[in-house]
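> I'd like to ask you about the structure that follows.
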Amino acid sequence: MQRRIVSQNSPSIKFSFRFTQTLLFSSYNQTLTPDSDDPLYSDVPKPLRDKSERKPYPTPMKVLIQRAKEERESRKAEPVKLLETPPDNGLLVPELVHVAYQVYRARHSLLSALWQLVPVIPVQRCRFCSEVHIGHVGHEIRTCTGPKSGLRSATHVWRKGKVSDVVFFPKCFHLHDRVGKPRVVHDERHSVTIVPAIVELCVQAGVDLEKLPTKRRTKPVYSVEGRIVDFESVIENDEMKSDISLNSENLGRQLESSSRGKIDEMENSDFSKKSDQLNQSNDGEGENLRELSIRAMDSWFEMISGAKKIMEKYSVWTCGYCPEVQVGPKGHKVRMCKASKHQSRNGLHAWQEATMDDLVGPNYVWHVRDLNGPALDNNLKRYYGKAPAVVELCVHAGAPVPDQYRSMMRLDVVSPECDEFDLVA
């Protein structure tokens, strides 16, 4: 009788046990899945998108349409107006000049530190795609999208990486006059200087470099039915033009002259000692390696934070289908896009607002706890974290883990063994 009663209650017990087990496994899986809405791991980078898809807009399309309508209405109400807000009026933003010099110095310091860290910390690069890995042995995660990846089951073919694989600085056209001539046409593609986009951003924000001359104005420009007109150069005579050009040159030389001297001094000292530091042995230099990694990490965050401040005022554009970047009020008109749907655009880029990842490629890599450990398994990839290649490199060189990347690197997640994979979920 007692056994019969137990058998009658057993379905409810089994149901409650299965329901509880389902909740536990579902909550556990949601915590470990990168695409979940859990705020603890919501910052884990998602897999690469399809090449035919367009990049998401940083600003919603409704907001962009509303801004365009407001600009068109204000243009009709006031066809001729004096632009008062820098940098739209051709003048510099005074509070961002020193920030631009800080970003320029931080980039130089970061590159000089990476040149010394890469020979010590192993960097792997796939021969067929842009995948990067930090460690002695490349991972076994099948995410290759290069040529004939289907024949290799999307496995990577690793080779030794370089500094350019750790951090990527896309290049753009240099604008001599960002307001008077904001666009580069197709016929000028070979005559215009090409520089890293973050350097061009610093130059437009106030950094003066002899190799990249830039026009500096002393008076704001006018907008006539949406077109920029510089009445200062039209009305004044030749003598006044020469005086103004001299004044603008003197103004450009006076802007952060002390900072430019520090930059030149740092360039001469750092690159002269670079070859000597690379030839030194690593015995007894653990503390120096740690200090170097901390300096590289600080330079990385200083460069990123400063560039974000500058991008709030100075426009940066990127193609919605390819990595092309252009710094300035408008994107260029060079027909060089080879991405999806470029035939319908006659090779022109589909310009949209750029993000920080478009200006500086972080190259997210899988986090490895031990450089000398076994390769990462493809079946356990949802338990592994990610981090920018610069951060991963500096952490293995001895720098502390930044707080903003702890959840992304999943330091609190213990990955199971290969033979325990079927027992976990």
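Glycine is no exception: its Cβ is also placed from the backbone N, Cα and C atoms.
A TrEMBL annotation is a machine prediction, not a hand-curated record.
Taken from TrEMBL, the feature region 'Disordered' applies to 32-58, 247-289. Taken from TrEMBL, the feature compositional bias 'Basic and acidic residues' applies to 46-56, 259-276. Residues annotated as domain 'APO' in TrEMBL: 125-211, 318-403. Residues or ranges marked as compositional bias 'Polar residues' by TrEMBL: 247-258.
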> Taking only the residues in the domain 'APO' (318-403), give me the average pLDDT of this model.
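When the pLDDT values over the domain 'APO' (318-403) are averaged, the result is 91.
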> What is the number of residues in the domain 'APO' (125-211) that are helix, strand and coil, as DSSP sees it?
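Helix (H, G, I), strand (E, B), coil: 16 helix, 16 strand, 55 coil.
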> With DSSP helix as H/G/I and strand as E/B, how many residues of the domain 'APO' (318-403) fall in helix, strand and coil?
19 helix, 15 strand, 52 coil
